[in-house]
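Only one structure is covered here, and it is reproduced in the block below.
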């Protein structure tokens, strides 16, 4: 096949976000999450042969409660993704907003569960780095090329568009630009659509996140929204989390929407979504298959279960649906 990523030019663009300086702390959280996932994978929490191509293995050992927290996050989000793919028989599209170094596209391909098209969106700087890694690592580029039926791929510093996968550099606060770029990559508003945000909305103002949720609800006839982020942020533990991030120049602009599971659900329902559900991650952890709990808890010793409980009670997994009665999307639960 003539299509190749290796020979494509990686050009930089002169356009930058006006708020780049303000967003440095947010971009830093992408690196942190990637390093934590890489470490957890390295000691056997879950299987991901692709993350090593995006992230170096940190010399710093991550705490057991952090590793278990990331396992629950990855497991929970994955379960909802697969439930949506089963309901739609993969005749759908996925939009991962603020995807960072996420590897879901490659893992779904391995499981023969790819949607019609998988889109990723993030800051241009993060997208540039990810495209560079994809181009330079055959285990990442080959699956994209294999699925691409044309001779050429559209690729530059802030965009890679192929038949089944696209990655786009855009600001989620600029909805006209976001929609324009997605449509140029053949986003189909008639297809059932799953949108995913993980620790993204909390870095937007309540107005900005509401606008994104409304845009998502109004753009697709049949859709599901999955959001993983902080919750119960009004108590002392939550305040310590906020202070720690502020010391790293990372302001949680949307923290007021993360007061409770009820506030998380209400945000979704008040912005165009018909159903909304939410569980904190300790509740999700308690519902994990017993065999998985035994397996991951044997990987390393956890001294204080109370610390894990505190941490997990301050993160949640939320999901909302709109339309899709014929697909029974409302039945999807964790």
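Just so you know, glycine gets a Cβ as well, placed from its N, Cα and C.
Bear in mind that TrEMBL entries carry predicted annotations, made automatically and left uncurated.
Within the same chain, the residues at least 6 positions away from residue 73 (S-adenosyl-L-methionine binding site) whose Cβ sits under 8 Å from its Cβ are 198, 228, 281, 315, 317, listed in sequence order. Feature annotation from TrEMBL assigns S-adenosyl-L-methionine binding site to 73, 98, 171, 172, 198.
Taken from TrEMBL, the feature compositional bias 'Low complexity' covers 9-19.
Among the features that TrEMBL reports, region 'Disordered' is placed at 1-26.
Around the Cβ of residue 98 (S-adenosyl-L-methionine binding site), the same chain contributes 121, 122, 172, 197, 198, 199, 200, each under 8 angstroms and 6 or more positions distant in sequence. Note on residue 198 (S-adenosyl-L-methionine binding site): other Cβ atoms within 10 Å of its Cβ, all shown chains, come to 20. Within 10 Å of the C-beta of residue 171 (S-adenosyl-L-methionine binding site) there are 18 other C-beta atoms, taking all protein chains into account.
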